[in-house]
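As written in TrEMBL, here are the features:
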- 32-321: domain 'Aminotransferase class V' (DOMAIN)
- 192: N6-(pyridoxal phosphate)lysine (MOD_RES)
- 336: substrate binding site (BINDING)
Ligand SMILES: *Cc1c(COP(=O)(O)O)cnc(C)c1O
């Protein structure tokens, strides 16, 4: 297999130093290993701007979806009602979970290229006082749209709801003041903007809320409360922990801090994204999401013309060292390019020149 860089929203391109951490087999019962878990948990709180009096970080085996589902099954009880705001596939995945778990929920569906509006959400909260929880995706990776976290968090505080944010593809790449915004559960995973490898997700949870979740979960392996109780004692995971992934993640956090923290990483990602959008626009490849709503994470582009062949384009770009992503929309022909991970301005410029060559070649 030829090496290529991933321009995808995770798993993404990681540093060789992060990968090297996985060359050692570690013992889950060993104190040194358990202290890695504890260190990660406290560093995640710092990144979230949360302190350990008020918040805790719980790591959960599996991909990001497992962590989202662990919150849904552990934090929303049979007596609660969940309002799910959706404008993409990941919001819809929460709806899908709600059906599986048999939650009482309502969905506020917004079109994929639009952000939810305050007036509409306020009206829903006024109309239905039985709503206890609100769930929303921060960066909808389906399109790359950034949702208005401050507005929704403000409403949630005003109406006294429990707020669950899927910040899978934004945490670590966009500054989020979890405590300041009053987010109750924020979910992300190892293989997105922290730039680790896949294998676990994590939840930054408000202690006051989490403490009230004993016995709610309808799943043993996804019981967030139990996972927290076990892990909080001494850093021991309840069941086999993804030791290699945990070690790589610890290194990835160190590298995030060395880079200058989330603000520096955000500046790099934002720079990548600006160059990408503007250079592709010059070639007649337009983004699906308008610039004011665009996240610095991933961009959806419309096919430039009706004869555009994605499979051929994908191969052309892959052979030249970069892998991109297909689109995820049903109403428009699109493809996606992520700009997170160990990706720099030179990579984006290189990619744009590959795309320019391709476009030049197909126009004749
Ligand atoms: C990546 C991602 C997830 C989790 O996806 P997995 O494939 O389970 O890791 C959930 N929500 C969003 C917004 C994501 O970008």
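Glycine is no exception: its Cβ is also placed from the backbone N, Cα and C atoms.
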Task: Model confidence over the domain 'Aminotransferase class V' (32-321), averaged pLDDT - done: 98
Task: Between residue 192 (N6-(pyridoxal phosphate)lysine) and residue 336 (substrate binding site), the C-alpha gap once rounded to whole angstrom - done: 16
